[in-house]
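Annotated domain 'Peptidase M24' per TrEMBL: 118-345, in sequence order. Per TrEMBL, the feature substrate binding site maps to His184, His282. For Asp201, Asp212, Glu338, the entry in TrEMBL reads divalent metal cation 1 binding site. Positions annotated as divalent metal cation 2 binding site by TrEMBL: Asp212, His275, Glu307, Glu338.
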Amino acid sequence: MNERSYNWKKEKYLHVIVSRRSFTIVGKDEEDEFLNSHFRPLQYLSQRNPLLPNRPKEKELKPKIVNNSFGKYEVVEPWHVSERRHVPSYIPKPSYSSTKIPQQGPIRPEIKDQNQIECMRESCELAQYVLTQAEQYIKPGVTTDQLDEMIHEMIVNNGAYPSPLNYRGFPKSICTSINNVACHGIPDDRPLKCGDIINVDVTVYLNGYHGDCSKTFEVGESDAEGKRLIQVTELCLQSAIKICKPNEKFCSIGNIVEEIANKHGFNVIPAFAGHGIGTYFHGPPDILHFAHESPERMQPGMTFTIEPILSQGGKEVEILEDGWTAVTVDDARTAQVEHTILITDNGCEIMTK
């Protein structure tokens, strides 16, 4: 694989950044195929921790427990994943619902008109409603597969499609990332444990537009370091949102996020980025959450996500054999929060508030 530095003047976007601030490109064809593919960083595939399909509950492996300066918690590995859930035929669906292949997004960041913005508001409001309702189900003993089932039904009952489902083959309707899982955890039959921290990422497709948000929750009550990690991650997001306005550089987001994270003793996971969103799930602009320089500026009508992931430990992650689950190399816990943002004439609007 050839590695090269990112060229900000290129009108192409990849949403996966290696920890050393350069892209790993796997060839021209693969680069084109995975444009706007924040959701699946194939260049990080690893065989270190293979997926354990059909893991028998009666033969559970002894869980690995971390008990150090990061806190005390269980290191999460994949369990059995159930079949893909059904979406009724009357629900409008994105093209990838049957093909796995998302539509080609715009080359440049899209400036949306008022009608498009109103459609975005509806999808974003539903995404936030579903995420808020999900919190009541996050309890010890509940499996992430059960969370997926409940949220799937909630989305469908509101006339929407769960955007992650079959996006490049993703098998579930939400992402659930627990403890050392940094991003894109697949719901499975592992019961939640008291003290876990879990990110639930909800995206819905309603009236032809996607709305995207996520939040990290405590299961029962986490330890002090787990709480602090969540609080600082939320502070990073809110601080980044406050600076969003017309003519502001996108790099200001990454600069303030990394500054706050480092000040509190955490690292930003650079392997994942925020993204433009609309009729397409992922598109330009790339929203990088670490300090960098870029000439690109915000303009009224742009919609994009800000979704920093903070780690208690190092910056590096590995992708498990399932092709999706990103785990920290050092087993450190991570937290992530996300909102969809609209740039207005005078500042910005949190569309998923």
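These residue numbers are counts, starting from 1, taken along the chain as shown.
Cβ coordinates come from backbone N, Cα and C, glycine included.
The domain 'Peptidase M24' (118-345) scores a mean pLDDT of 98 in the predicted structure.
The Cβ neighbour count for Glu338 (divalent metal cation 1 binding site), using a 10 Å radius and every protein chain shown, is 24.
Those residues of the chain, other than Asp201, Asp212, Glu338, with a C-beta within 8 angstroms of the mean position of the divalent metal cation 1 site C-beta atoms are Ala127, Cys175, Val202, Thr203, Cys213, Ser214, Thr305, Glu307, Thr340. All protein chains considered, the CB of Asp212 (divalent metal cation 1 binding site) has 28 other CB atoms within 10 Å. You'll find the Cα of His184 (substrate binding site) roughly 15 Å from the Cα of His275 (divalent metal cation 2 binding site). In the three-state DSSP scheme, His282 (substrate binding site) falls into the coil class.
Across the structure, His282 (substrate binding site) and His275 (divalent metal cation 2 binding site) are spaced 6 Å apart at their Cα atoms. Taking the Cβ of His282 (substrate binding site) as centre and 10 Å as the limit, one finds 26 other Cβ atoms among all the protein chains shown.
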